[in-house]
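S.K.: If you scroll down you'll find the structure; I have some questions about it.
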Amino acid sequence: MSSLSIPRQSLYYVNKVTEGRSVSNVQVVSPCQKQGQTYVTAFTPLTSNVQVHTSLEQLSTIRNADVLIFNNALSQIITNADLLTDFLKNATNATAIGGTVIIREDLKDCSDKRQVARLTDYFDVFRTTDSDGNNTGLDLYTVDQVEHSNYVEQNFLDFIFVFRKKVFAPTTDATITFRDFLDKTQYTNTGIDAYEWMFGVNFISPGGYDENLKIIKRFGDFKPGQTMLDIGVGIGGGARQVADEFGVHVHGIDLSSNMLAIALERLHEEKDSRVKYSITDALVYQFEDNSFDYVFSRDCIQHIPDTEKLFSRIYKALKPGGKVLITMYGKGYGEQSDKFKTYVAQRAYFLKNLKEIADIANKTGFVNVQTENMTPRFKEILLEERGHLEQNEAEFMSKFTQRERDSLISGWTDKLGYIEKDNHNWNFFLAQKPFPK
């Protein structure tokens with residue numbers, strides 16, 4: 001598989017984020033002068049004004065950069081919160097509002113192999129007041145793996161963080177962004193570990209490996225080398241399963257940096273270049289048109305507020321004849337209890353029923369639309385998994401606390417109650433992008 005050079009991969013993101021806006025001031029901070037010059041060459045078609053700096057100390061001299069790039073410049077400060085804060089303040093102040101900030105950092109030698117989650121969180125929630133009194137920060141576009149490192153060096157922990165400087169409304173909320181909300185509520189590190197114990201190794205969705213394989217096979221025949229986008233890839237079990245079982249190349253995305261840090265650590269151990277991951281929002285990332293044979297999502301899109309926009313983006317990303325398969329939490333047709341409404345609000349879910357999903361799919365232009373209420377199977381799985389915990393409580397308690405145990409038992413029991421009242425459904429959706437007439 002071919003890969004872009006690191007500077008050209010950076011240029012690719014700049015073109016995506018700027019969406020054609022003019023760029024006249026590109027600043028590069030690279031301790032390695034030779035590597036810094038490769039950015040000059042790559043960005044020359046965009047602008048002749050590309051300046052290279054070899055020290056973070058020079059950052060304070062930069063202002064109004066349209067593009068600010070850091071190439072392996074943070075290795076001495078990434079574990080020091082005070083120095084990181086100073087860096088982010090200087091980087092934000094050096095960038096024009098609407099400008100692009102790209103941070104390339106190779107984390108393979110970090111003792112903490114999940115350092116990417118810590119940095120993503122730190123960068124994503126940082127805010128500072130500029131000279132005009134604006135509350136500014138870095139709006140996350142994506143955290144991607146460096147393609148050259150993946151394919152040439154088998155290093156899966158070399159990253160490019162891509163942000164756009166933005167003015168944010170002041171907030172006193174405990175969670176600053178939706179990614180921050182996910183990682184501090186449902187997908188804490190302990191929460192993820194407990195989910196994985198319940199669902200099975202590498203999975204945090206109902207039924208684990210076997211159920212996922214059964215669902216995946218409903219796509220039909222796969223051919224080695226075909227491509228799949230996995231939205232809400234979690235800790236990566238489904239992506240690696242499709243690559244292992246069918247030879248499909250998978251681009252897995254998730255907004256939870258905690259979950260993807262686990263997926264990335266395991267991918268680095270396994271060295272499977274058929275799989276790559278991005279920490280990003282499916283409603284933000286600019287996928288290439290007509291680029292995937294399949295789009296897959298397991299129990300994720302209930303987190304996404306705009307289903308119409310999501311389906312439109314999936315449609316554009318699929319090749320003609322490509323298929324999309326989604327399982328999702330949905331709402332039933334029974335009168336919703338107050339307890340269920342509270343649960344939905346706490347999880348920040350945006351639930352649809354089967355008819356609403358089918359209507360959106362048809363309106364988007366999909367054909368061969370199939371929907372199915374899989375709630376009876378969901379009930380079976382919930383009973384099996386709750387029973388697994390009750391029968392193996394000693395093992396669970398050797399790894400987790402009483403609080404985690406009680407939370408899982410009550411969560412599974414509550415879902416069974418929601419199912420009985422036809423509040424909570426588990427829905428299946430399969431459709432195809434038509435071939436041109």
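Every residue, even glycine, has its Cβ placed from backbone N, Cα and C.
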S.K.: Which one of Asp180, Asp183, Asp244, Asp254 goes with Ile204, Ser205, Gly232, Asp281, Ala282, Arg298 at the S-adenosyl-L-homocysteine site, as Swiss-Prot has it?
M.R.: Asp254
S.K.: Give the helix, strand or coil assignment DSSP yields for Ala348 (N-methylethanolamine phosphate binding site).
M.R.: coil
S.K.: How big is the N-methylethanolamine phosphate site in terms of the longest C-alpha to C-alpha distance among Gln186, Tyr187, Tyr195, Tyr329, Tyr343, Arg347, Ala348, Tyr349, Lys415, in angstrom?
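M.R.: That value is 18 Å for the farthest Cα pair.
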S.K.: Taking each of Gln186, Tyr195, Tyr343, Ala348, Lys415 in turn, which of these binding-site residues have a Cα lying within 10 angstroms of the Cα of Ser205 (S-adenosyl-L-homocysteine binding site)?
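M.R.: Tyr195, listed in sequence order.
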S.K.: Including all protein chains displayed, how many Cβ atoms other than that of Gly232 (S-adenosyl-L-homocysteine binding site) lie within 10 Å of its Cβ?
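M.R.: Step by step: centre on the Cβ of Gly232 (S-adenosyl-L-homocysteine binding site), count other Cβ atoms within 10 Å, giving 25.
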S.K.: Would you mind pulling the longest C-alpha to C-alpha span across Ile204, Ser205, Gly232, Asp254, Asp281, Ala282, Arg298, which the record has binding S-adenosyl-L-homocysteine, in angstrom?
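M.R.: Across Ile204, Ser205, Gly232, Asp254, Asp281, Ala282, Arg298, the widest Cα separation comes out at 19 Å.
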S.K.: Go through Ile204, Ala282, Ala348, our binding-site residues, and report the one whose Cβ sees the most other Cβ atoms within 10 Å.
M.R.: Ile204
